[in-house]
């Protein structure tokens, strides 16, 4: 009876890479995590599946509609849709065992049932850093987390990015001052500014708050100039609202501290149109665009929350964090040709090819080279030499070691460099 | 209005670690993956959620009953329950883009709705290596994959493990020869041998195949002695069945090749009672026990399958692989006290404490130390010096650098070693 064959395929909206690209993806992840560790962040890992009522404690919000949830036995389960909510739960749960300020990094897959579109995946990796304080947390941390993203991008070799930073308190203060009731509608609208464009924005804003205030607000979020200039112009408004004053002060401090922490002036820009939706954030907010490729959206975002774990504990836990959506980022880096040019060290430096019964000696050579840190494997199949060499070629292995009985007898190692095309013969001891 | 607090907790059967242990977990994973890479394995990553009909193509089997499956829109989805089935699907799907023999490693979470019991998790990491050939695959690969597990365990510093190896063809040949119809019932019974004990095993076996054959088979699977002795005794049976002869030959070859590849004689033992359930495997099978802690079950298992991807392609793809269940392994290593003694390098080598307005200089020192590869962070909070020092102590940070205005003026760096209790002052240039 012939077996029936099922067509091998994956779900739409899920990313899968060939080994070549996967190795590059891993290398990028390793570099980002290397920066996080180098800055003293500790690792945590949380389940992908959680109790639905815990994960969705903060109900409402755009994200929740996209959550993968299901039943198993009597339990209502949900797949995490970000790493921030599980982190909040984690910090509340292990509060007494953690040392604050707690700086943690985490990488993992998250799930959102988004509409399947270019660069939007339903399963994707996030790679987060958050620092969380007990009762209080210095504003300098807001700059610090952004500086980690800057270091990570530099490590990868990315150059054309720009952090766009704001502080929500500024807008909150202004809207308070303008006596606007439906402030959240206005915030949502500003959040959509870049998507809908100035014309539509002004029209819709006028509908909500009238012509005069709309004009004022539109001018305000579009103040041009250096970061210093923008802060100056804002101060000139001379608004006496506490939120506004605190927001300006905090944003100013973040600006200075970014420079202190090695983020160059060209790397960041104050942009009051940055809101980051309506969830969590209460102070600093930022996004990261690729200059010339703004249409791909933000490749790294984050901000400050006054009380991250409020759904899970009475303890006040202010925090600030960044999230790099690696799967999305990798998609964008592929699109702009960055991945193709991205060079990594091969896992396979040497392929050892036994000719005849020389496997003992091959194994000895492999051990020796691996101890020096090289990636080495032996070609075990009984194929023609041509096929074996072609294998090395296809896998882009730089060195092939041919081990015939002659080499074993003479204790020699014959190394063929596939790139240069030359061959050297050395004594085993010289290896 | 007071917010309602939801008790932070995770589902039963899910593992979560505190940062201390998480760092050790990561270190163990890094070492295992380091060995895989050092041996030329390439990385792949597959979705955790797949189409249910694809993932469950090989229907039946114990595992399937435990699968997490659910609907989303019109799609029947399932969470992967191992990394082997997705790998089979992957190889069939990208057949034309892969280079064979394809040696891949993969680490990822898998899901099984197992009964919640000690060391059995519903979400756990597996860390696999498989090598897969086009049409054929040398038996030497069977030894090679086991040698990787051996190298990985040595790298971790684990010593008291033992690979228990068999080849299914041997038993298949014997059962053929004994003219046993319900061979799979007998195989299932042998698989349970260690769980149920010799007495019950013999009773049940007698029920299936009668007293004489039961006696014969029980003696056979319990042949004692060195690996050579066991193979000799088997050969003496002089069974002319092709499976039997091939099984003995293959097992003998795996035995010799293991030694060639640096797996010491003490590390492995032939054990004909190893079956590995009824799925996939067709030749070599192995498990790994911790000597003295056999009750925890196998910490690393695997084997050979003649045709891995038969549900997805007409192409014949023999493979052999190992799977280390890291979550399970880590649980066991905790239980036997290994984790507690397991020492790792801290992510945090230096804590820099600004005293007064010295943040610029602190940042300069941080940059310098990080470039040398040290993990460094700055204490940003405005706390008492005592609290700051206590933070370093609690986090087990070896060095604290106190930066007052005096140090900035004199271009000095004052380093306090928390372990030795001493303090040195050097010029910034000496750093």
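First residue shown is number 1, and so on along the chain.
Using N, Cα and C of the backbone, Cβ positions are placed for all residues, glycine too.
A coil conformation is recorded for residue A:82 (L-histidine binding site) in the three-state DSSP classification, outside any helix or strand. Marked as L-histidine binding site by TrEMBL: A:82, A:83, A:84, A:112, A:126, A:130, A:276, A:280, A:281.
The domain 'Aminoacyl-transfer RNA synthetases class-II family profile' annotation in TrEMBL covers A:35-354.
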If you count other Cβ atoms within 10 Å of each one's Cβ, which of the binding-site residues A:126, A:276, A:281 has the most?
A:281
If you draw a 10 Å sphere around the Cβ of residue A:82 (L-histidine binding site), how many other Cβ atoms fall inside it, taking every protein chain shown into account?
19
Cβ contacts of residue A:84 (L-histidine binding site) (under 8 Å, same chain, 6 or more positions away):
A:128, A:130, A:280, A:308, A:321, A:323
